[in-house]
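Worksheet: the structure to be examined is printed underneath.
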Amino acid sequence: MFRKPAVSTISNGSSLQRQSIGRLPSLDSKEPAQEDKVMLKKKITFLRGVSIITGTIIGAGIFISPKGILQNTGSVGMSLIVWTVCGILSLFGSLCYAELGTCIKKSGGHYTYILEAFGPLPAFVRVWVELLVIRPAATAVISLAFGRYILEPFFIQCEIPDLAIKLITAVGLTVVMVLNSLSVSWSTRIQIFLTFCKLVAILIIIVPGVMQLIKGETQHFKDAFAGNDASVMGLPLAFYSGMYAYSGCFFVYSRNIPLAICISMIIVTVGYVLTNVAYFTTISPVELLNSKAVAVTFAERLMGNFSLAVPIFVALSCFGSMNGGIFAVSRMFYVASREGHLPEILSMIHVRKHTPLPAVIVLHPLTMIMLFTGDIYSLLNFLSFARWLFIGLVVAGLIYLRYKRPDMPRPFKVPLFIPALFSFTCLFMVALSLYSDPVNTGIGFAITLTGVPAYYLFIVWDKKPGWFRKLLGKSNTRSWHGLLVIIPASVPPF
């Protein structure tokens, strides 16, 4: 099941042929497409690049993170500073990823960059925690936000029961998983509509907020730094909440448009700060902390009957983020499987529908476990430890590659202080978070450490007993071929 990357079976018409994999194609590959391969062509103009990157970054985080940031900073002014600083850090991180993308032209994102810089063990641990921690917990966080907002119109005068939120969340999550199992094209079409919805949701908040500012509603900005003093121990958790809202920028694989990345990050940062300013023109910091759905609280105060539109658009935005997460992880699973770091079955697609069915089937129960065992903010801290540990490691790998492989072609190159500052900040906040929330981050740390013995057990250990080899062997994989009607993909899904 865990195997060496040698050859791949691909579908060509009605027959199955064997073909050498070689170097994996990337989204930005300039190599000519061969007749028997499916390649993704790249033609991204500046404006199109800005729109794609902006649409990718903006997600459900802006409706989830405000409470977490304010709670851990203690004041309106400090929370707005954290939003701005996280935007700047995300810009730095995006530029570092742009450099890595120009010199490492392979699919797989975080996993591939760590593999190239530090070798197979850290890369395996990265994909191990992606499978067990990051992707299931991230999907559960967004799904819980979806469940709360979709139920808000039905519980206007009373509190929504937690069980109701979890049940409706489970239904929405299952719908997303089924959708991604049945049709890639329908998932893509729906995603375009849902991207429009999340932009509308933010504009519905920003425009009335700016109008409130024009009217002079600034009482909550007086003594903006008054309130609970921000503690050093709260900063990493505020960092986790803030960076969560910007984390979509690390899944953008456009490699040669750094200016588009800069413009996009400025647009997103200004939009996020204005959204929070809009909240504080209408509701007080105490009310925001007591609110279970801040966008709904804002809308009810300001929009009257039209306020029902806000939870609907926010719920659709969350649904779009849930749907998009499957696209992001399928490519990484494909590459890791081709390297022999994940079971071969996770790289396979449905023979007729061309959907990543095995990956979806594995992710669904793991996400359900997260869903019913945690809440939004505990899960956010839990997944953030592993996520930012490895994102910091990726950017540290950029510095390492400058010295390890100085002759590597680098069409785009960032000043060295940018990756140094970004990686130091990520790794420092990750270390400090073990003291800020030792339970949730500690569990994430422990699961991350299990990747080391797992690597030696599944990958390095050659003298496995016969029963263990049979359990993990190809005969087991072939049985899934027939049951799920799947074949190995010849190029990364999506």
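The backbone N, Cα and C atoms fix where each Cβ goes, and this holds for glycine too.
The region 'Disordered' annotation in TrEMBL covers 1-22.
Residues or ranges marked as compositional bias 'Polar residues' by TrEMBL: 8-20.
Sequence annotations record features per position, and here TrEMBL assigns transmembrane segment to 46-64 (among others). Long-range contacts of the transmembrane segment (46-64) within the same chain: residues 90, 141-142, 145-146, 149, 195, 198-199, 201-202, 241, 244-249, 251-252, 254, 257, 259-261, 263-265, 267-268, 271-272, 275, 293-295, 314, 317-318, 320-321, 324, 376, 380, each at least 6 residues beyond the stretch ends and with a Cβ under 8 Å from a Cβ of the stretch.
What TrEMBL records for 76-98 (among others) is transmembrane segment.
If you look up TrEMBL, you'll see 132-151 (among others) marked as transmembrane segment.
If you look up TrEMBL, you'll see 163-180 (among others) marked as transmembrane segment. Counting residues 6+ beyond its ends, the transmembrane segment (163-180) has Cβ neighbours under 8 Å at 139-140, 143-144, 146-148, 150-151, 186-187, 190, 319, 322-323, 326, 355-356, 360, 363-364, 367-368, 371-372 in the same chain.
As annotated by TrEMBL, transmembrane segment applies to 192-214 (among others). Panel annotation: around the transmembrane segment (192-214), residues 55, 58-60, 62-63, 271, 274-275, 277-279, 281-282, 295, 298-299, 302-303, 309-310, 313-314, 316-317, 319-321, 323 of the same chain, lying at least six beyond its termini, place a Cβ under 8 Å from a Cβ of the stretch.
Marked as transmembrane segment by TrEMBL: 234-253 (among others).
Residues annotated as transmembrane segment in TrEMBL: 260-280 (among others). Long-range neighbours of the transmembrane segment (260-280) within the same chain, counting only residues 6 or more positions beyond its ends whose Cβ lies under 8 Å from a Cβ of the stretch, are 46, 49-50, 53-54, 57-58, 62, 66, 76, 79-80, 83-84, 87-88, 90-91, 94-95, 98, 202, 205-206, 208-210, 212-213, 220-221, 245-246, 249, 252, 254, 288, 294, 298.
Taken from TrEMBL, the feature transmembrane segment covers 308-334 (among others).
Taken from TrEMBL, the feature transmembrane segment applies to 355-373 (among others).
Summarising the annotation, TrEMBL assigns transmembrane segment to 385-403 (among others). Sequence-remote contacts of a segment are chain residues at least 6 beyond its ends whose Cβ falls under 8 Å from one of its Cβ atoms, and for the transmembrane segment (385-403) they are 93, 96-97, 99-100, 103, 110, 113-114, 116-118, 122, 126, 129, 133-134, 138, 239-240, 243, 247, 250, 414, 416, 419-420, 422-427, 429-430, 433-434, 440-441, 444-445, 447-448.
Under 8 Å from some Cβ of the transmembrane segment (415-435) lie the Cβ atoms of residues 89, 92-93, 95-96, 232-233, 235-237, 239-240, 381, 384-385, 388-389, 391-393, 395-396, 398-399, 402, 441-442, 445, all in the same chain and six or more residues away from its ends. The transmembrane segment annotation in TrEMBL covers 415-435 (among others).
According to TrEMBL, the feature transmembrane segment maps to 441-461 (among others).
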Among 132-151, 234-253, 355-373, 441-461, stretch most in contact with the transmembrane segment (76-98) (C-beta, under 8 angstroms): 234-253
Within-chain partners of the transmembrane segment (234-253) [C-beta distance under 8 Å, separation at least 6 from its ends]: 26-28, 52-53, 56-59, 61-62, 64-65, 68-69, 71-74, 79, 82-83, 85-87, 89-91, 93-94, 97, 101, 109-110, 141, 261, 264-265, 268-269, 272, 328, 377, 380-381, 384, 387-388, 391, 425, 429-430, 432-433, 436-437
